[in-house]
Each structure stands twice: as structure tokens, then as C-alpha cells.
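Lifted from TrEMBL, the feature list:
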type     : residues                  : note
ACT_SITE : B:Glu58                   : active site, proton donor
BINDING  : B:His56, B:Cys86, B:Cys89 : Zn(2+) binding site
DOMAIN   : B:5-115                   : domain 'CMP/dCMP-type deaminase'
Protein chains: 2
Amino acid sequence: MMDPFNDEYFMKQALVEARSAAEEGEVPVGAVIVCNNQIIARAHNQTERLNDPTAHAEMLAITAAVGVLGAKYLTGCSLYVTVEPCVMCAGAIGWSQLSKIVYGATDEKRGFQQYAPKALHPKATVKKGVLENECAEEMRKFFQRKR
Amino acid sequence: MMDPFNDEYFMKQALVEARSAAEEGEVPVGAVIVCNNQIIARAHNQTERLNDPTAHAEMLAITAAVGVLGAKYLTGCSLYVTVEPCVMCAGAIGWSQLSKIVYGATDEKRGFQQYAPKALHPKATVKKGVLENECAEEMRKFFQRKR
């Protein structure tokens with residue numbers, strides 16, 4: 001039997017968040033955090049609304065997830081995010097000890113893989129390119145409208 | 001005439017924050033953000049109290065400072081922090097466009113200079129070692145008590 005709760009399923013949920021961000025005029029990045037096949041936190045970029053350059057989807061999702069679990073660490077949990085995390089978010093992912101990071105589109109300019117490749121917990125696994133085109137398309141459409 | 005508001009003065013204020021953290025059982029890191037010789041935000045590590053691995057002194061200070069200024073960027077402002085920022089905080093410092101970063105003690109294990117040397121804004125200046133011994137001593141005392 002096919003597992004309905006696979007990486008694509010959860011990335012689609014992150015994409016729903018990214019589209020909410022776009023509708024609010026925010027850079028369209030969305031994230032969900034999954035624990036035992038359940039989404040325990042979901043968030044999208046809110047740097048404009050909160051007037052805070054640190055209010056990235058991943059940061060908000062991590063803070064929400066530790067609140068839900070009542071634990072300071074997210075060991076065993078997975079993060080799905082539509083765009084490759086930046087250095088700040090990768091650092092936060094490292095501190096939170098998230099075990100699995102799945103992202104869609106690569107961020108050549110700000111992505112952690114280039115600028116802070118050792119930021120994550122050494123045991124964390126990374127999978128990239130899940131629904132890559134859809135994730136990248138949200139970003140492309142957003143910045144095209146901005147021009 | 002000597003300028004009373006020099007780097008040591010502001011680092012002493014960051015140290016006051018670090019000591020508050022220690023009293024609360026938090027890892028003793030303190031930070032202040034300065035704009036036109038005025039402290040516009042001050043914070044200390046609150047990862048335990050807030051049960052949030054992202055609640056570092058620098059993150060809280062940046063979020064507070066953008067709130068005070070009503071601006072999303074902290075261009076022209078300076079950050080004083082008792083310990084070298086980690087990768088996450090360096091990323092946040094980069095996004096906030098802080099112009100000057102002054103830190104006391106070096107963090108060999110987690111410091112951004114080793115793990116994300118390009119995280120800051122390219123025009124930002126970095127000064128390290130201000131009141132280094134006092135800043136490092138707070139950390140040493142804290143972890144000695146923990147053992």
C-alpha cells in the first residue's frame with residue numbers, strides 16, 4: 001500500500017503556506033514540521049507583517065513546534081520547507097536538533113548549503129528537490145509581480 | 001575629552017544582561033543594540049524560560065530593536081554581544097543589516113567566524129575581544145556550576 005503521508009504530501013502542505021504568504025505580500029516560503037506523521041506546526045514567512053527580518057517560515061515553525069511539544073528539541077521531527085533554508089534558519093534547525101530537513105527549491109544566493117554547510121546537527125539528513133518546480137515557481141511569480 | 005560611550009561602555013551593558021541570564025539559570029550571553037550612541041534594545045539569552053532554542057540574546061535584541069525603530073533594517077546600528085554570535089544569530093545579523101558587530105569572548109565550538117564567515121552584511125565591521133576576559137569568565141563560571 002502506498003503511504004499517503006510521504007515527502008510530497010508534506011511538501012504540498014508547505015506549499016499551501018507559501019501561497020498564503022504570497023497572498024499577504026510576503027516572500028512565498030512555507031514550512032511545516034512533522035512528528036510521527038503528524039503536522040505539529042505550520043508557518044509562512046511574515047517578515048513584512050511582523051516587521052522583523054528574523055520572521056522566516058522556518059523560525060516561526062520551530063518556535064511553534066517546541067511550544068506544541070513542550071520540549072526544547074525537535075529530535076525525531078522533520079521540517080519541510082519550500083525553499084532551501086538560509087544561514088539563520090539552518091542555525092536554528094541545528095539548535096533545535098531537527099532530524100530530517102526536506103526542501104524544494106535551491107537558493108543559490110542565500111542557501112545554507114553554500115554558506116554554512118555544517119550548521120545542521122551532524123546526524124540530520126537532508127533531502128532536496130521535492131516538488132522543486134512548484135516551489136521555485138511560487139518564488140518566480142512573486143518576484144516577477146514585484147518588478 | 002574622552003568619549004564615555006565607547007565600545008567598553010556598551011559591552012559593560014551587554015555584560016549586565018549576561019549576568020541577568022546567569023541569575024536566571026540561562027547560558028550567560030547578553031546583547032545590546034546601539035543607535036546614535038543610544039541603547040535601543042537589550043536582551044539576554046532566554047532559551048530555558050521561553051523553552052525555545054532560537055531565543056538567543058541577539059535574536060531577541062534584533063526583534064526588539066526593529067520594533068523600537070519601526071524599521072525592518074538596522075543599518076547604522078551596532079550590536080554588542082558578550083560571546084561571538086552563532087551561525088543562526090550571524091544570519092539574523094546579516095538580514096537585519098546591522099553595520100557594526102562587537103563581541104567579547106570567542107566561541108570556538110559554535111561561532112560564526114568559523115562556520116558561516118560570510119553570514120554578515122558585506123559592509124558590516126566586526127570587532128572582537130572587547131572585555132573578552134570578563135565575558136569569557138561569565139561563561140566559565142556558569143558551566144563550572146553546571147558540572
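Every residue gets a Cβ built from N, Cα and C, even glycine.
Positions of the features from TrEMBL, shown on the structure.
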residue: B:His56; record: Zn(2+) binding site; Cβ within 10 Å: 28
residue: B:Glu58; record: active site, proton donor; Cβ within 10 Å: 29
residue: B:Cys86; record: Zn(2+) binding site; Cβ within 10 Å: 27
residue: B:Cys89; record: Zn(2+) binding site; Cβ within 10 Å: 33
Can you work out the mean pLDDT of the predicted model over the domain 'CMP/dCMP-type deaminase' (B:5-115)? 97
Reduced DSSP assignment, B:Cys86 (Zn(2+) binding site): strand
Tell me, by DSSP, whether the residue listed as 'active site, proton donor' is helix, strand or coil? helix
